[in-house]
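Here is the structure we will look at.
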């Protein structure tokens, strides 16, 4: 009964994960899949609003506890699956041998180790010490000099962000991962990638073992024979589903590394791309207060040029002749991402030891 419940919850969570990750992609626009995703997000917002209300009533402690439900639930599900695999599937493998036993147990240990490392490692809390060796500077396009976090009241270095869940600012912020209840940033991105790779290894290798365990058995009899066949067949189906989702998500992060952006920065670059699409982003010479780019706006019927940093008016119609304005027509051709040093160098930077 417990195993059946876990399987059902696993299937539901995998479908929900797929909807959240890919339901808004252009391929699914104006389809039932996007509508399901929007409904899921709407329900999630209502639930989170209730959580925040109840959390306030309990002096901010409830949400901290609830944040651990997903990683604890993940570890519990994985542990039960491991137990079922060792009990039912492993005996079906003829003469597994020492090497195969080693790889099986190593894969299991790697799951626990990577989860612990990703969940409890420092993502990159901002201190005066680590700022001295922090390599990134503002590009004056999506990150600017002199920015201060309105919550922490500390200086915000380039590529950092405040996490509302952890209530802290982190260097090279990527995203807050619910599966580990931790932010992914400057110091622990390597453990996050290890977490993903260890899951891909578990799903791929585990699925392969389940397939070979079932090979001598007629597929028509899998669901109608003994419990071991049923468990192994279910594992094969689950591994086949989850490895696709996990692999796609991992390749998505590899694509971000290739582009030289983080998940957080992708949204910022999307805003820049939107301004370019509207034809209102300009490069200026000479720069004003170290700002090299401005946005054209209309004030009282006249064109003005405002700061991307704080939306102050930097250039009025009366003094526009003092500056050289060049319209940015393409993000790819006219703008340079100073944080992109090529895929291999980007990867080395992200997997910082």
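Keep in mind that glycine also has a Cβ here, set from the backbone N, Cα and C atoms.
Taking Cβ pairs closer than 8 Å, the transmembrane segment (2-22) reaches residues 28, 33, 36-37, 40-41, 77, 80-81, 84, 231, 234, 238, 241-242, 245, 248-249, 252 in its own chain, all 6 or more past its ends. Annotation comment: Swiss-Prot describes 2-22 (among others) as transmembrane segment, evidence class sequence analysis.
Under the heading topological domain 'Cytoplasmic', Swiss-Prot lists 23-61 (among others), citing sequence analysis as support. Mapped onto DSSP classes, the topological domain 'Cytoplasmic' (23-61) shows 29 helix, 0 strand, 10 coil.
Annotated transmembrane segment per Swiss-Prot: 62-82 (among others), in sequence order.
What Swiss-Prot lists as topological domain 'Lumenal' is 83-100 (among others). Beyond its flanks by at least six residues, the topological domain 'Lumenal' (83-100) meets 3, 206, 209-210, 212-214, 227-228, 231-232, 235 of its own chain at Cβ-Cβ distances under 8 Å.
The list of residues near the transmembrane segment (101-121) in space but at least 6 beyond its ends in sequence, with Cβ under 8 angstroms from a Cβ of it, reads 71, 74-75, 78, 82, 90, 177, 180-182, 184, 187-188, 191-192, 194-195, 197-199, 201-202, 205-206, 209. Summarising the annotation, Swiss-Prot assigns transmembrane segment to 101-121 (among others) and lists sequence analysis as the type of evidence.
The topological domain 'Cytoplasmic' annotation in Swiss-Prot covers 122-190 (among others). Secondary structure of the topological domain 'Cytoplasmic' (122-190) per DSSP, as helix, strand and coil residue counts: 7 helix, 15 strand, 47 coil.
According to Swiss-Prot, the feature domain 'DHHC' maps to 147-197, an assignment based on sequence analysis.
Counting only same-chain residues at least 6 apart in sequence, those with a Cβ under 8 Å from the Cβ of residue 177 (active site, S-palmitoyl cysteine intermediate) are 118, 183, 184, 192. Under the heading active site, S-palmitoyl cysteine intermediate, Swiss-Prot lists 177, citing similarity to another entry as support.
The annotation transmembrane segment is assigned in Swiss-Prot to 191-211 (among others). Within its own chain, the transmembrane segment (191-211) has Cβ neighbours under 8 Å at 78, 85, 89, 93, 103-104, 107-108, 110-111, 113-115, 117-118, 121, 174, 177, 179-180, 184, 232-233, 235-236, 239-240, 242-243, 246-247, 249-250, 253, 350-351, counting only residues six or more beyond its boundaries.
In the predicted model, the topological domain 'Lumenal' (212-233) shows an average pLDDT of 72. What Swiss-Prot records for 212-233 (among others) is topological domain 'Lumenal'.
The transmembrane segment annotation in Swiss-Prot covers 234-254 (among others) and rests on sequence analysis.
The topological domain 'Cytoplasmic' annotation in Swiss-Prot covers 255-353 (among others) and rests on sequence analysis.
As a summary of secondary structure, the topological domain 'Lumenal' (83-100) carries 14 helix, 0 strand, 4 coil according to DSSP. Non-local neighbours of the topological domain 'Cytoplasmic' (23-61) in the same chain are 16; each lies 6+ residues outside the stretch with a CB under 8 Å from one of its CB atoms. As a summary of secondary structure, the topological domain 'Cytoplasmic' (255-353) carries 36 helix, 30 strand, 33 coil according to DSSP.
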